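What follows is a short report on a single structure.
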Amino acid sequence: MFDFMTLEKVREKGPLVHNITNIVVANDSANGLLAIGASPIMASAKEEMDELAKMADVLVINIGTLDGELVTAMKIAGRAANVAGTPVVLDPVGVGATSYRRKVVQELLAEIQFAAIRGNAGELAAIAGEAWEAKGVDAGVGSADVLSIAGKVANEWSTVVIISGEVDVISDGTRFAKVANGSALLPRITGSGCLLSAVCGSFIAVQDDAFRASVEACASYAVASEYAEMELERKLPGSFRPLFLDALASWSVEKTRAKAKIQESGEHK
């Protein structure tokens, strides 16, 4: 099912990815999108959200650094994107960390139809209402079944769920996939998950099947990180970061096909 040609579509079409993101990761997210062939715009003024919704091929909302004005812009942008038929991706950074973040995410979910939600296990557990020990914006620890969490959130909100971690889990509520690739250095550079959300958005922008797009995005991203790690003399995050950007720019369909470890299944009980 997965031929990984979505990457080539991104490069051919250069989708415009509108990011309302956090101040920590904006630069890396923009550079990562440029590396894969997408066209990023980082804009958050509420006055221009309606216009941008008509221009963009996808909207990626990231709640990493929140304030009231930004939340207003997110809601305006998301509603306008829905009207325009533009897919919207949510990255609920640290949603389980504070009551304010939980409130904002619930409001966003109630007001906007999302094509995909990408987060770590702790973040998706918080949305699912499952017990999980949050650690700020990090995944933390918990005993709930990750596949069940993915399916529950996907079905409740009619979306594709991407839970990233040592093994990525992707589900649309009916189909499930695991991607068992990725460098151990990814969690050691800030914003690697946020960039993955943006990459998933760029794939969804050019592929009608958001589940397929998300699986191929996760696999391509993870395989690129493995190639970057192979180039390192010393396995340190500061050296890994620029090599990963280079790997994103030079990754190929053939490399992903050769190394991708994907396990797909039907409905999870």
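Any Cβ shown, glycine's included, is placed from N, Cα and C.
The following features are taken from Swiss-Prot:
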BINDING   Met42, Gly191  substrate binding site
BINDING   Arg118, Ser164  ATP binding site
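Features as recorded by Swiss-Prot, highlighted on the structure.
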residue: Met42; record: substrate binding site; DSSP (3 states): strand
residue: Arg118; record: ATP binding site; DSSP (3 states): strand
residue: Ser164; record: ATP binding site; DSSP (3 states): strand
residue: Gly191; record: substrate binding site; DSSP (3 states): coil
Between Gly191 (substrate binding site) and Ser164 (ATP binding site): CA-CA distance (Å): 13
Site with most surrounding Cβ atoms, counting all protein chains shown within 10 Å, from the binding-site residues Arg118, Gly191: Arg118
Fewest Cβ neighbours within 10 Å, where candidates are the binding-site residues Met42, Ser164: Met42
Inter-residue Cα distance where the pair is Gly191 (substrate binding site) and Arg118 (ATP binding site), in Å: 13
